[in-house]
Amino acid sequence: DYFFDRDPTAFGSILNFLRTGELHIPTNMCGPALQNELEFWGIEEVDIARCCWTQYNTWKTQCRSLEKLEYDRKFSTTQQVNEESSCWIRYRSKIWTFLQDPGSSRKAKVYAWVSIIFVFVSIFSFCAETHPVFKIAEDKPEGKDDWGNKDLPHPALLMMDISCLIFFSLEYLTRFVCSPSKLNFLRALQNIVDFLAFAPDYVELVFLIIDPIQNEGMAIMEMLFILRILRLFRIFRLIRHVPGLWILLYTLKASFNELMLMCVFLLIGMVVFATLIHFVEPTGIFTNIPVGFWWSVVTMTTVGYGDMYPQSAAGYFIGSCCAVAGLLMIAFTVPIIVSNFVLYYT
């Protein structure tokens, strides 16, 4: 007698394969475990029946996705340190983990909350300085005209901006010094966004020192004021400290093909329905096809602002078809993205 210490669940499918020539895999068995059984018995994956291949391939795809997710997460939060590493490398690795991984220690979690508070303070200052309550009238210098004079933000908001700027700058510099790879750090999208968020503040500070009254070189100051919109990017710093946001961003990255497919569907529907509504509507609302692009996109996404709408029977029919087509186009791709997010988040 021969005894094989293997999984009996998989052996039933393998025995049937040797008898019938068709390999049907069990549904209650984990994919990697089944793969090990196939390798042990010398059976190739290509022998799996077509009806079972989708399920088996889904297991492998999920495993590869989770392995890549774990690798990317560890690569961004940890450094390789061995016993031969110098004291500086070990200390640098601890600082990097402290800044990147809030779950590494209790102190790291406290620091993450402090960073989140600074982010919200910065966003509050950015929004509040546009409200009249948080503005003060600018004193008009003698001999200067009214051109370029405008209300200034409250000094309290200025102190908030300076505090946030110092905190974010020190954090960025510390993360750069302690990063495992300086080149990868500079090329990372999130670090580029962080730099663009506070770089205009330094440029504006230099011009304020050169021209405190802000009446000379007003064109440059207006350009810098526009660049301050980049401060809004600081809200994306929450991605580093909130796992759900990081996983959502990773899901969008992993679902790039599905997103492109959805955009292609919407593009085709936009062109088709905009063309039809332009030629069937006798009124002057849809004067040209590009104007119909806006209406078709709003209709397919079921937003319906109501600023443009058909007024004829044929237009009603095309509008109904446009709405139904939009629902179908989005329904084909969104569940795939949602399933990826649930997989990664779980």
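Numbers here mean position along the shown chain, with the first residue as 1.
Positions of Cβ are set from backbone N, Cα and C atoms, glycine also.
According to TrEMBL, the domain 'Potassium channel tetramerisation-type BTB' annotation covers 2-51. Helix, strand and coil content of the domain 'Potassium channel tetramerisation-type BTB' (2-51), in residues and according to DSSP, is 28 helix, 2 strand, 20 coil.
For 109-343, the entry in TrEMBL reads domain 'Ion transport'. Per-residue confidence over the domain 'Ion transport' (109-343) averages 81 (mean pLDDT, predicted model).
Per TrEMBL, transmembrane segment is recorded for 110-134 (among others).
Per TrEMBL, the feature transmembrane segment maps to 154-174 (among others).
Sequence-distant contacts of the transmembrane segment (259-279) (same chain, at least 6 residues past either end, Cβ-Cβ under 8 Å): 252, 286, 288-293, 295-297, 299-301, 310, 315, 318-319, 321-322, 325-326, 329-330, 332-334, 337. Feature annotation from TrEMBL assigns transmembrane segment to 259-279 (among others).
For 285-305 (among others), the entry in TrEMBL reads transmembrane segment.
Long-range Cβ contacts of the transmembrane segment (317-345) within its own chain (Cβ-Cβ under 8 Å, at least 6 residues beyond either end) map to 62, 65-66, 69, 244, 247-248, 250-252, 254-255, 258-259, 261-262, 265-266, 269, 273, 276-277, 280, 296, 299-302, 309-310. Per TrEMBL, transmembrane segment is recorded for 317-345 (among others).
Proximity of distant same-chain residues to the transmembrane segment (110-134), defined by a Cβ-Cβ separation under 8 Å and at least 6 residues beyond the stretch ends, is recorded for 98-99, 102, 151, 153-154, 156-157, 160-161, 163-164, 167-168, 171, 228, 231-232, 234-235, 237-238, 240-241.
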